[in-house]
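Colleague: Take a look at what TrEMBL says about it:
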type	residues	note
BINDING	Gly11, Ser12, Gly13, Lys14, Ser15, Ala16	ATP binding site
Amino acid sequence: MFVVGLTGGIGSGKSAVSRLFEAFGVTVIDADQVAREVVEPGEQALDNIAQRFGSDILLSNGSLDRSALRKIVFEEPRQRDWLEDLLHPLIRTRIMLKLEQSNSGYAMLASPLLLETDQHLLVNHILVVDVDVETQISRTVSRDSTDEVQVRAIIAAQMPREERVSKADDLIDNRGNEEQLKIVVEKLHREFMKKAQQDWENDIG
Ligand SMILES: CC(C)(COP(=O)(O)OP(=O)(O)OC[C@H]1O[C@@H](n2cnc3c(N)ncnc32)[C@H](O)[C@@H]1O)[C@@H](O)C(=O)NCCC(=O)NCCS
Ligand SMILES: Nc1ncnc2c1ncn2[C@@H]1O[C@H](COP(=O)(O)OP(=O)(O)OP(=O)(O)O)[C@@H](O)[C@H]1O
């Protein structure tokens, strides 16, 4: 299976790009979504989190208070390390299962931490979606209930933009509008279909 890894910093447009690839029938596995699944009520990891941070970290319906945990982990790197040590192996295992089940021409793994973790070892090709930091901040603040200080803390916890861009096999500049994005994605989809086909032909000899 040919797998494209899609990454970019917070608010760069991974979800917007993913939706466009999905519209072409590509199976997209979203690491943020998987990260939510591994802490659903009934999962061992949620109990571990409640033991460490106290039951105040749960909402009245028993689910994780994500904005409370977000505040803690982006203010205290030690707590973020603990959370990542708990969740990243679970996230990786679940991603691998989903990749095995995927049956589109090629699959895509969309992850903010593709290059920061060993998730990049699961992909054949790296696609980076990129905007300047000011655009990351303004788009994230208008999307989420968060403020600039917190978004800057999250950006600081991620790979610097230049380093991420230097690792890209393909780069999407998402400073334009969504119509422009659609045109770029359509072209990339055609290229990825070709690469997946070549990959398959090489495999069968
Ligand atoms: C801290 C949590 C509870 C905040 O949840 P919330 O619903 O507010 O945000 P969400 O999960 O949708 O993430 C939003 C964005 O934050 C950034 N982000 C999330 N976790 C991290 C991290 N560990 N390091 C750097 N950036 C991160 C990413 O850009 C992500 O797209 C959550 O992000 C989490 O559990 N993070 C640890 C797991 C993880 O590393 N997930 C990233 C995918 S592997
Ligand atoms: N080209 C664009 N023009 C205008 N707004 C955009 C564009 N691309 C994305 N957006 C908007 O910017 C915000 C951030 O985009 P998106 O949610 O796709 O980012 P992301 O990389 O998935 O973020 P995160 O890392 O937090 O998951 C969203 O509200 C989205 O609708």
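Using the three backbone atoms N, Cα and C, a Cβ is placed for every residue, glycine included.
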Colleague: Take the mean position of the Cβ atoms of Gly11, Ser12, Gly13, Lys14, Ser15, Ala16, the recorded ATP site. Which other residues of that chain put their Cβ within 8 Å of it?
Modeller: Gly8, Val17, Val129, Arg139, Asn174
Colleague: For the binding-site residues Ser12, Ser15, work out the Cβ neighbour count at 10 Å and name the residue with the minimum.
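Modeller: Looking at the binding-site residues Ser12, Ser15, the Cβ with the fewest others within 10 Å is that of Ser15.
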Colleague: By a 10 A CB contact count over all chains shown, which of the binding-site residues listed here is most packed: Lys14, Ala16?
Modeller: Lys14
Colleague: So for Gly11 (ATP binding site), how many other CB atoms are inside 10 Å of its CB?
Modeller: 25
Colleague: Is it possible to get the count of other C-beta atoms within 10 angstroms of the C-beta of Gly13 (ATP binding site)?
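Modeller: Around the Cβ of Gly13 (ATP binding site), 23 other Cβ atoms lie within 10 Å.
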Colleague: Going by DSSP, is Ser12 (ATP binding site) part of a helix, a strand, or coil?
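Modeller: In three-state terms, Ser12 (ATP binding site) counts as coil.
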